[in-house]
Every structure is written in structure tokens, then in C-alpha cells.
Amino acid sequence: MNGVLCSSSSSFHSYPSIFTKFQSSPIWSFSISVTPLCSRRAKRMAHSIARDTLGLTHTNQSDAPKISFAAKEIDLVEWKGDILTVGATEKDLARDGNSKFQNPLLQKLDSKLSGLLSEASSEEDFSGKAGQSTILRLPGLGSKRIALVGLGSPTSSTAAYRCLGEAAAAAAKSAQASNIAIALASTDGLSAELKLSSASAITTGAVLGTFEDNRFKSESKKPTLKSLDILGLGTGPEIEKKIKYAADVCAGVILGRELVNAPANVLTPAVLAEEAKKIASTYSDVFSANILDVEQCKELKMGSYLRVAAASANPAHFIHLCYKPSSGEIKKKIALVGKGLTFDSGGYNIKTGPGCSIELMKFDMGGAAAVLGAAKALGQIKPAGVEVHFIVAACENMISGTGMRPGDIITASNGKTIEVNNTDAEGRLTLSVGISCNQGVEKIVDLATLTGACVVALGPSIAGIFTPSDDLAKEVVAASEVSGEKLWRLPMEDSYWDSMKSGVADMVNTGGRPGGAITAALFLKQFVNEKVQWMHIDLAGPVWSDKKKNATGFGVSTLVEWVLKNSTN
């Protein structure tokens, strides 16, 4: 199986992407370009997919939004543009005995507006609580409108600054604004490092808040936002680099969102493999790709993976991307493994009944989306000193006469046998292959929409992490604190393995409802070399937003941060 690792050759086809392309100009003032899936080439691709899947799905015509960012130190009163957005905490909104702002910046703005800002914010009941926002059209400033956005507590987090950027983007959409600025009411207590991270989070929020996945809508509004100035957080190469970095990560997050949003009649295992190869060809100075077909997977004895894929008319594709810096010594080798079920019907244990959400099972490749999104971002960032392997065993879990049956005994690529007691516990069968083939690395992180049990335990916005390694747990949690993505470590209770024992094979593939997320992690542990640090991330909850009815791109930002922590950058 080590032969799969570190393959450096690949063949590429002129197969156009149906996903967003990004182009960046120089760091100081760069643009984020979203290429729609409606170009002539994309239409040809959509049509070729439709012939295979009878979807007949075409994408709409839309223009690509471009945002130019600049970091400036100017007087807010003098800034000229459509919307001046000010992020304010509850403390910033404190008033004196005359109901006037005590915050110096708000005082200055209010004075310039002859007291209208304090009066209008009172009428709108704006108190600076997290999630609050109001847009005011007040004469007297260089900006046409002023938007106030609540940050909550004075010790605002990465998430709060990201929400500030998203709120500014939402205000721009509402007002059809083309140029906006974002500032903080107070930067007291913010170190130089915190100012940089705040600028990065604001940029992330603005980019992702502007982006809308309208590929499958017959009509859509064109984004109007063209430029965004970040005021009062510094100028120069350091902040320019941070803003550029945030935009690069956003490119990966948006790819992750689009992959998850794409319906199964469009995003087949073959198309997912083509998207992976597109990443390798775009960043060919640091990436290589190796895509294995079914016959090659058979030669490598990937039985547990191929049995899951056996019922589908869309054949399995095993994806391996390898990132190697173009120069310098490799200090670490790590791997990212993503579950890649482009659709999961549940198989013969079909998903039925309330809450089964079979219509959303296109998101069962959310782990793969995070892994490939991270690959795209890292292709732009190009960290030094670290070799990264990206593994996705892409397939569908369907029902047919050739499909996997309850009671079947299958053999994994490491030789262990598995009695299938539930065909809807298929993700761990495919992940076992991805994990097994990466024993030549020092660290492995796998990501999967693996269990409903994890969603029950942690809710819809927190991913569960499982690892025997305290050091790896600290690394990944530290990365998540920078990215703002929420993780929570859950126990790997070895005594629960008793429920995974089979009378006729080495193990069964599910231990039942109690502790389901834990037993799933214990199953995956069977395929990890003891010398390799390994972590499993169950992102079944946060990969999808029920409120927005859209993918989140969860996992991309944390993976990129973690890879950078393992690099020599």
C-alpha cells in the first residue's frame, strides 16, 4: 500500500472545471475572482455530466465578483465611499449622563453628525450586542451611509471579527454598494499581532459574506462590492500578507462549499477526481496527482472501499494529491484523509423516516471537500518544509443487485476482516483504506461526516475530535482557535470496543447507538500504525447550515492553519 503514497506522476485531461476559479493580483490590492460555471466550457461539462446521469443540469449566467482590499490609516470622518462600517462592543456604546458616547471615535463621528449618530442608534436600540447591526443614512460624512455592527464583549474573538466582515458584506448587498470601509470603534488592548489577526478575520468574513453559490439558480443578482478598505489596524507588508493569506484560504473554503452544494447528479466520483486533478495542474510547481480506477484499486486489495462502491453505476475513483515544496528540505510528512461519498443512500439499510435527511446526503463528501479545499489554498500559499498527502476514496453508496449486503464479510486493505452489520455505516469502510495507505507519514488527520451520534452530542456547529495523541490534539485545537472553527475533544473509550466484536470476522462495522461516534473512531483506529499520530474529526454537524440551506466549507481553514504549524514558514 505504500506504493500509493508519494506518487509523483499523473496524467491530465482538458476537462473544464464546474467550480469557482480564483485569481489574485499583487498583495497590496488584490482581487478575488469567482468564475461562474456558465462559461461555454462549463456548459459543455454540465452537458457531458447530464448525459451520464440524466440530470440535464445547466448552470446560470453570472458575472464574477471581484473585491480589492487595502489597509489604510486615515481619519474615518474623511473616508469617502458608500458605507463606513464600524464594529463596536457593548463597552464602546457606553453613554455619559447626557446620553453621549464615551468612546472617542464614536464621539468624533457623533460630533461631526451633530449628535445624529447617538440619537439614531438609540432609536434603533443598538447596544453593541453580538449579532446586532443597523445601517443609517446620515448627512455630514464622506460616506453615504454608516453601519454599526455589534461585537459583543470587549474581548472579541476571531468569530466576532469574521461576523463583522460578513455584516459589512450584507450591508453592501442590501444597499448595492460598491466600495465600503470597516473600522473598529476601539483598538485599545489590541497588540500588533491581534490587529493582524483581526484584519485577516474581517477579510475572511467579507469575502465569504459576498460569495453566493448561484450556479443552479435560473436568476441571480450580481454582486456589487468592488473594494473594501480596512481602517485603523495598520499598514505595510505584514498586514498586506495577512489579508492576502485570508483571501487564499477563502478560495479553498469556497471550493469546499461548492463541492458540498453540488448535487449528486452533477458531482459524481469521476467529477470529484477531475476537480482534484485540476488543483494539481493549476499548482503543478508543488502538486502531483494520482487517480486510481477500480481495477487499480482491486490490485491494491482495497476491498472495503470497493464493496461500498459496488452498487453504483458511477465507478469509484481513489484520489491522491501530493504537495511538495519546489525547494528546500522536507522536515515533516503529513496526510489529510477525507470521506468522499458523493451520495449516500444508506444502501440496503436505506435512510428512511423523519430526520434521516436522505435528500442532503450529497454532503456526505464534506470531509473530502475540506481536504481538497485545503489543497487549493495551500497551492496558493505554498508552505515550506512540509510534504502533504491528500487522500479521498470517492464513491457512492447505492442499492442494486451487485451492492453490499448486511451480513457480508469484507477484507480491508490491511488484511483485517469486517462483518457488515449496517450498510449505512459505509464511510468508515472507505476511510480505512485512505488511512491504511498513509503509514509512511508522521501524522494523519481524517475528516468525515461520519455519525449522527456526534451531532446529537455536540449540536450543529461543533465538530468532534478523537485522538490518542495529546500533542496532536493541542496542535489541531490551536489551529482551530486561529480559524474560528469550533472543535471539541471526545474520549476514545477502549472498553466500548467490545460492542464492535464479531463472532465470524475480526470486527463489525458498527456497535449500535450508544457511543456511536466513539465506536466509529475506535473502528478507524484499527487501521492506524501505532507509530503514526492520528486524529479523526467528525464534522457531520457543522458541514451544513440548516439556517442558510447551504454548505459551510467547515474544516478548510483549520487544516490550512495546522499544515502551516507543521511547516517551516
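Indices start at 1 and increase along the chain as displayed.
Cβ coordinates come from backbone N, Cα and C, glycine included.
As recorded in Swiss-Prot:
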- 1-48: transit peptide (TRANSIT)
- Lys339, Asp344, Asp364, Glu426: Mn(2+) 1 binding site (BINDING)
- Asp344, Asp424, Glu426: Mn(2+) 2 binding site (BINDING)
- Lys351: active site (ACT_SITE)
- Arg428: active site (ACT_SITE)
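Here the features listed in Swiss-Prot are painted onto the structure.
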| residue | record | DSSP (3 states) |
| --- | --- | --- |
| Lys339 | Mn(2+) 1 binding site | strand |
| Asp344 | Mn(2+) 1 binding site | strand |
| Lys351 | active site | coil |
| Asp364 | Mn(2+) 1 binding site | helix |
| Asp424 | Mn(2+) 2 binding site | coil |
So for Asp424 (Mn(2+) 2 binding site), how many other CB atoms are inside 10 Å of its CB?
19
Only counting partners 6 or more residues apart, tell me which same-chain residues put their Cβ under 8 Å from the Cβ of Arg428 (active site).
Ala448, Leu450, Asn509, Ala520, Phe523, Leu524
Report, in whole Å, the straight Cα-to-Cα distance of Asp424 (Mn(2+) 2 binding site) from Lys351 (active site).
8
Using the recorded Mn(2+) 1 site (Lys339, Asp344, Asp364, Glu426) as reference, state which further residues of the same chain have their Cβ within 8 Å of the centre of those residues' Cβ atoms, listed in sequence order.
Gly340, Leu341, Met361, Met365, Asn397, Gly427, Thr430, Ala448, Thr449
Cα within 10 Å of Asp424 (Mn(2+) 2 binding site) - qualifying binding-site residues among Lys339, Asp344, Asp364:
Asp344
Setting Asp344, Asp424, Glu426 aside, what same-chain residues sit with their Cβ within 8 Å of the center of the Cβ atoms that define the Mn(2+) 2 site, listed in sequence order?
Val308, Leu341, Ser345, Gly346, Gly347, Asn349, Lys351, Asp364, Asn397, Thr423, Ala425, Gly427
Which residues, sitting 6 or more apart from Asp364 (Mn(2+) 1 binding site) on the same chain, put a CB under 8 Å from its CB?
Lys339, Leu341, Thr342, Phe343, Asp344, Asn397, Gly427, Thr449
Out of Lys339, Lys351, which of these recorded positions shows the lowest number of other CB atoms within 10 Å of its CB?
Lys351
